[in-house]
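Asker: The substrate binding site feature in TrEMBL is assigned to D:67, D:117, D:161, D:168, D:192, D:244, D:262.
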């Protein structure tokens, strides 16, 4: 493995190399609160299970967690209701857009996996139904993982999501019509949009997910966050389904479990090594950060991190 | 890593442990030639990149390669036309049955990936169009990989497939209507059914695919079969899409790139280690061998082989 | 044309003939308020444009209007916003279940026609957006058509629909996500369920729709309810799409524009002649009244009323 | 009803009125043989059941019958195997493109109706399986209906269709995979393309279908071509499904059973009155003749022929 200094130097170099790509994507504009983020921003962070953290770029600048929040919700729900979760959501890749309502209909209210929108809304239903205060429980969970308190939900993003959440409402009501949502739909959506609105930075995010690279144990606290088996399972799901309809291509090019969000973040898990996070707000047509994809792809190639 | 003797003992023990499952699946019966195979048959073989081969059960008994043949066809086509292949077939998981015609229609004749039927038929078109005698080229390729000559196409299975191949004909004509099949459809189907009808045994199959676990180099001959990058790519595709609509579950439970066929074979690639093959003809509702799944799953768990 | 006495006698005879069919269907049970209606009920009424009304069976017994209400809503919306309506809803048969969400997704929020659920919800949005009190306007419209005041919304059915309306909520939110619903979804659904809950009897219903058989003019009041062209249009839509996924079969067997509801009512329009209504609560698998279909079918055949 | 002279004058006037539309459509170009027809051609013919025939424009110029041939095939198949036909094809509108393969898959090899391509190919299978020489039987049938011998299959069109028929081959093989095609697919397709390639003119076509407006009896020969019930049924099917995905709009605007073909022909049946045929080769985006639609629409409005 490369020396620490080497890693930081590589990150810095890759960041410079990717600057020409800033203009190739398009910042998410389905809600005003996201649309106003400047596209010429980028950061990359690498946290390793032996406690190192390397960064380049705006690694302390907050962004909106968006779909990356699905990982945390999933771990919380697995911890809370165990394998019962898999009676209500499948674990197969979807082959459909992330917000597909067609598939929920065909599969009678059972989402294909927990990282497409329908599945994440179902996970939100589990949290709302099993926690007295699921929104704060979610924040508490992330804060504990990072070991820092300054992680919060951006109220402006949250309210903006609520206002533009008709499609997610359709998904939730459709699942409820099949009997697969227990709580009231507005409560489920409120939790879901709240978790999506989490403000976090690249450095924090890399640290937070180290347990997935370390058999369920968070290195800095030595706390067992989830079972070894569940850590494997989350990585498996991210591997087949984490990058929207570019998951196959990401496996093909990078070969690591990963998850992206429309806030521009991407996380990649390197089992037994650590976590790579990248952030840059301009997205490609699949909803994945253009620069983020490139940064992680080049870094993984440089260090030979592909699982395959 | 376990000692050689230990591995053989484990295989033998797992085989005995799985015998009660023989009756849980159903032998493929869509063609008479497959329907007559006795269900109480099973084998497992483990070939390692350092040249060992361990087996248990009927590891020298021939079975029909069926969809596992898609791997060999894919490697041949990648070698022959390079990245042009990815203009004509995608690399995303399908979220649809292996013989889905609906998806081919929606995606205008571009198959989702090369290991669903439509994609494998497209690969067959590449081979038919670029080899003067693609059927024998295919057999030559496998024989070279195994280092043995007694691998052939079972004529009875081949003719039976041809006779019952209407659905695959529909897929091929549909792709041709979109301009994505170059050769004549009957020639393409003849190649495809011929390669599916390959008779091989568990031991040979494990040996044949070692190059995928070894960065493209076949260990016994030290021959570069495909580029390191292409070996990674094949593993990535198998990881997201190799086990039909149970690919996500297999990643979840086992965590290895794998491919199954309705002849009852399953292969799993363990990068830097070797290849596991299992065979037992009775299939579950997804078309995967019941006993084969269980054998590989238990072996991978025993040795901690999951990539995640 | 048959003499009046003859018609009443025919109706009476057909009703007796159909009694053995009472047990062949199944009363709608998706809401409790409908499930409790006794299946051994039936009525038929024939209103003619020359002012006659013939009935047999429980022609004065109230039932729930349900999807037959879509006709009245459609006429109100056509009158209110004219051809602008056809920018927001198509007029093609759907080839999908009445509550299909898949088609709304594929056609980007534009319902196939105004008599499937999505289309009727869109029409409800037009009414909610263009009337200060759309629910009472709807009742006023029907009362005016019938010339009687005792037509009202059954509160128990209305509340029951609201409670079990998740699927319709999904349709509405999905259309709203495409920008094709103007009002707030809960208001639109409240109107829609309220109009479905209209309590009416067979005799009243036959009278109410005479204008569709009479070029837009209600015979008893000589009032122009809608334009001649719009009366034709409504009949055309009912002809291709009024009987759910049995519309083609109904055209084939009966050959008249018609609309059914899960309350067990069916109306058929006979241009230049009159309106036939039948009611019996037990439904076939398509959601059409078993006895109602048979009554109208036999009557139309007896009198040679097919348009074809 | 208008006087004969009046009708001819109206036709002439409508034809002149529609000339500016010649340039609005696009001649079918999926086969070269059709693509070369000049777009500035049009004809209209009206045959009445009392033996009159009125024409304007190029009413004696041959065109390619294409999908209008589905009517003749359907009548032949109904006559040959009776209601058994309806075990193998439905009678519902499709809500999908005329050449939809998706619907055939979903409905397990049973086409939605006999006038979409899949249904017409199924009908062709019936004819091939039940006639020793189905191609000549088809021509004999039309010649008998018209009372003229100079109706034939255009060999150039036929061969061109065969060469470009991959999509129809896909439909046929898919139905065969579901066990719903009895004969060999190439034979079925040969019949189907042969019947589509029938060369006929507007005057002949109007005469040929008079039996559908006359309860199954061909007026000039007084021959019962099909049962009264079957004549009604054909009209019902044309009414819901004859104009591709513009069937609802045609019912809405014109209100007559009708069928169009990509050769530019449209026929409309006016029960108890006669048959209107129009031809002009330039098509709209639905595959219907732009000028043909307009001619029939204006004529039907002028004479008040809508069934509704």
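A Cβ is built for glycine as well, from the same backbone N, Cα and C atoms used for every other residue.
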Asker: Mind checking which of D:192, D:244 has the fewest other CB atoms within 10 A of its CB? They're the binding-site residues.
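Answerer: Result for the binding-site residues D:192, D:244: minimum number of other Cβ atoms within 10 Å at D:244.
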Asker: Show which residues of the chain containing residue D:67 (substrate binding site), separated from it by at least 6 in sequence, have their CB under 8 Å from its CB.
Answerer: D:98, D:115, D:117, D:120, D:196, D:259, D:260, D:261, D:262
Asker: What residues, ordered by sequence, lie under 8 A Cβ-to-Cβ from residue D:161 (substrate binding site) and sit at least six positions away in the same chain?
Answerer: D:31, D:33, D:193, D:196, D:197
Asker: Out of D:117, D:168, give me whichever of these binding-site residues has the highest number of other Cβ atoms within 10 Å.
Answerer: D:168
Asker: Whole number in angstrom, please: the longest C-alpha to C-alpha distance across D:67, D:117, D:161, D:168, D:192, D:244, D:262 for substrate.
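Answerer: Spelled out: the longest distance between any two Cα atoms in D:67, D:117, D:161, D:168, D:192, D:244, D:262 is 20 Å.
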Asker: Residue D:262 (substrate binding site) has how many other Cβ neighbours within 10 Å of its own Cβ?
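Answerer: I get 23 for this one.
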